[in-house]
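J.: For D72, D74, D76, the entry in Swiss-Prot reads Mg(2+) binding site. Here Swiss-Prot flags C73, C89, C96 as Zn(2+) binding site.
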Amino acid sequence: MNTVDFSKGLVPTIILDDQNGEVLMLAYMNQESYQKTLETGYTWFFSRSRNELWNKGETSGNTQKVKQIWTDCDNDTLLIRVIQTGPACHTGKKSCFFNLIKEDF
């Protein structure tokens, strides 16, 4: 099992829908939120703006049940496949990635 490199404090964490591979969101984990994710089976993140841990869906009910956790080649970025309940984005959209900048290159 790979060890996640938390030497910089936070690691970017990409959340994918386990059913269709859609990118749902990007958040950050520190060692404590990562450990809570492993212990509970649901995503926990570190809020940079509030400087605290948060459990995705704790207040909204839009939870993320973890199916798989992957790390990149440098062990400093995570990719987590989840079963998403409700929308992932705080705007009410399924994914946080809904603003197309350009296509057809």
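Glycine too: its Cβ is placed from the backbone N, Cα and C atoms.
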J.: Tell me, how many other CB atoms lie within 10 A of the CB of C89 (Zn(2+) binding site), whichever protein chain they belong to?
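T.: The answer is 15.
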J.: I'd like the number of other C-beta atoms within 10 A of the C-beta of D72 (Mg(2+) binding site), please.
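T.: There are 15 of them.
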J.: For C96 (Zn(2+) binding site) and D72 (Mg(2+) binding site), determine the Cα separation and express it in whole Å.
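T.: The separation of the Cα atoms works out to 22 Å.
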J.: D74 (Mg(2+) binding site) has how many other Cβ neighbours within 10 Å of its own Cβ?
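T.: A 10 Å sphere around the Cβ of D74 (Mg(2+) binding site) contains 7 other Cβ atoms.
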J.: With every protein chain in view, how many other Cβ atoms are within 10 Å of the Cβ of C96 (Zn(2+) binding site)?
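T.: I count 17 other Cβ atoms within 10 Å of it.
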J.: Between D74 (Mg(2+) binding site) and C89 (Zn(2+) binding site), find the distance joining the two CA atoms and give it rounded to the nearest Å.
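T.: Roughly 28 Å, rounded to the nearest whole number.
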